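Features reported for this protein in TrEMBL:
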TRANSMEM  15-35  transmembrane segment
TRANSMEM  47-70  transmembrane segment
TRANSMEM  82-103  transmembrane segment
TRANSMEM  115-133  transmembrane segment
TRANSMEM  154-174  transmembrane segment
TRANSMEM  180-203  transmembrane segment
Amino acid sequence: MHPWRSDGRRKRDPLRLAASIFAAVVGCFLIAAGLELFLRPNRVAPGGIAGVSVLASHVTEMKISLWLFCLNLPFVLYRRKYVARGPLAIALPLVGVGAFAYVLHPVSALVEEPLMGALGGGVCLGLGIGMILRQGGRFDEAETAVKRLPSLRNADTVVFVVNLSILAAAGLIFGAKQAIYSVLAHALAYMMVEVGFSGMSPYRRILVRSRKLPSIQRATKYACGVQWIPTDEEHSAMCVVHRSDAARVRRLLRELDGEVQMVGNLEHARETIV
């Protein structure tokens, strides 16, 4: 059970809740620092809502904190229908990032070289988002909201095209060289989300959905020593594997059940709170 959930099934642990809030606040600060101290001053716009906010702030000369709040709010409210979260998990990332961005806006950029700005901004942005996801919060929810649309079949393609359009717009507004730095920042932020979410642990969790789950658990436990953690979902469980064994375990799962569904822990966190 996540400490931010408010469904009443378990009494909240105050210390755990305080630690979770502190980690989320640090994540909010990292996102704001990445945007205000690295990306925006060096005219680097990653994909997603963060990238749109950088572009909109430059074009309209309005503070990026306002754009972050206004653009994230509809997607956060939309996702609220699908996950069991308390109001704190919704409000803290939304307000926290905007507040930190507002405070950091007058602060001078830490670096004035676009390449270093892209690297520093990408790292801070990705780590911050990952830390917020780890604590059950949400930020930059456009991608997962799009994938929830019932009438949309090729959601991944739509997300790719939208991000590509944002990066192309960065090239038109800031120049071709800045577009390259924007692509670098976007790719680095994408990779650092996993680090912020999972930390430096060598182990990965994979949510497995299969009607043959009992036989799969026995086979993998015998062949690979996989640990299994039960979940609340029917015909599903979480397997814990070492990072170096993840690919081999995935292949074995497909051999045991051709219709098995495997979702990484980070992807599962975007869907719901574990």
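Cβ atoms are placed via backbone N, Cα and C, with glycine included.
Computed from a predicted structure; not experimentally measured.
If one looks beyond the transmembrane segment (180-203) by at least 6 residues along the same chain, the residues whose Cβ comes under 8 Å of a Cβ in the stretch are 27, 34, 39, 42, 44-48, 50-51, 114-115, 117-119, 121-123, 125-131, 133-134, 163, 167, 170-171, 174, 240-244, 265-266, 269. Take the transmembrane segment (115-133) and the stretches 15-35, 47-70, 154-174: counting Cβ pairs under 8 Å, 15-35 has the most.
Non-local neighbours of the transmembrane segment (15-35) in the same chain are 2-4, 50, 53-54, 64-65, 68, 88, 92-93, 96-97, 99-101, 103-104, 120-125, 127-132, 134-137, 139, 189, 196; each lies 6+ residues outside the stretch with a CB under 8 Å from one of its CB atoms.
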